Each structure stands twice: as structure tokens, then as C-alpha cells.
Amino acid sequence: MKLPWDNRWSAGVVQDVDDLVKMQENCTDSVRLLNGTSLCSGRLEVNYNQSNQSKQSWTSVCEDDFDQQDAEVVCREIGCGPPSALQGALYGDVGAPVWSKEFQCEGHESTLLDCRSSNSTRSSCSPGKAVGLTCSEPIRLVDGASRCAGTLEVKIGEWRPVHTFRMTLKQAASICKHLNCGPRASLKEKPTERPLWAPRLYCEITYFSAMGCLKHAIIISSSWAFPPVLVLTCSDEWWPAP
């Protein structure tokens, strides 16, 4: 079977997207999420020693110094969707967060450290107050009969459909689960004229590995003749909360 990234193909424009990886990782030079269940969740930490990259200093943030607009900036900075949950100690706690400023983001800033801030009156805060943040995932189903059905799209800087390569029902069920849909899945493919993401050869795709695979994906341009993209239908029953 010829693959769209095979050198024997003369049609289409293929481009590495390694330069987009940083947009999809769950940390930047200034913020990171730890102990989460996905790339887009975890306990927030801020690097307050950016001037010395060899000696970075990370600290948690007190819930009282952080609000919804601040969360919107962080989620965008790490390449995820809008915040869906903001709660102290949601992903574990630390002894005493010592970030000494209250963030005052307006929501449009590119990074958290671009936001205005004011000196906080506390050098620590109560147990259970370290900011835990859940941003919406960079994976979705679109143009289907329900939110649990449609063309699979992944966001790596921008939303694109995904090539059908190597997807199995077991892997599809894993994606359904993490979209909060039911476990039964059906797969089909359809042609597209859109640019799409395609994982590298031999890359196993499950929900947890999909973003790792696609970090080393390629862009297939629309000049390649109608490549197949994945259409996924999950059962609508909800998985129980963990």
C-alpha cells in the first residue's frame, strides 16, 4: 500500500510540522501543567526565573490569585481549548505555593506572564489552594449527527482532519471514552480536499498516544487527490466519572 508520505508519490505537498510541536505540549518556558490526565490538564506552575534557563524555578499558584480570564490565557498558551474546570488541588496539592503576585489578565494576552499583576499580600496559601486547571482537549468530532460522531479533527496550531492510517476499533473506543462518549465505536473513511494530519509510519494511535504521534505528523496539502480521513461514530451513552 502506498502511503501519502511515500517518496514515490509525486502529487501533493508534504511538510514536517515539528515546528508546531511546542504549540501542543503541556508546558512552555513560563507555565506548565503537572499530574494531569492529559496534555491539557494538571496543577499549574509558573517559572519565575526565566532569565536563567539553566536554573529554572517553578512554583504553584494560589487559587485566590488566579481567575477565569487568567485560565483562558494559560490554556491558549499551551495550545489547548478554553478552560473547562478551575479548582484548587484538583490535581494534587503542594505544601505552600509561594508565587507572590496576583494575576490580572484581560483574556487576550499571549502568555500568562504578559498579563498585568499586582503584589499579593500572601507568601503562601492554605492547603488545597494550589490552582488545578483543565482546558478543553485538542481533539474533536465535527459535522456528525451528534457531538459523539463525525470527522475526527486534531488541533496542532490549527484544526485539521486526521488520515485513517492504522486506526483500529480498540483505539477508536479509547478516543470515544476521552470525549466522554460511549465505548462502542464504528469507523469509516471519506475523501477530503482539506489539508490533513497524518501520523508517521508505525505510530500507534490511541487517545493518549495520538498527540505524541501527531507531533511528528505531516501536512498533506489539498493538492493530493482526495486522501481519506477518519469518520468516527461513538455510542452516545456516557462513561461513568472516574
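Cβ coordinates are placed from backbone N, Cα and C, and glycine is handled just like the others.
In TrEMBL, the cysteine linked to Cys115 by a disulfide bond, out of Cys105, Cys135, is Cys105. Sequence-distant neighbours of Cys105 (disulfide bond): residues of the same chain at least 6 apart with a C-beta under 8 Å from its C-beta are Asp67, Gln69, Asp70, Glu72, Val73, Leu112, Cys115, Arg116. There are 19 other CB atoms within 10 A of the CB of Cys115 (disulfide bond), with all protein chains counted. Across the domain 'SRCR' (31-136), DSSP assigns 19 helix, 38 strand, 49 coil.
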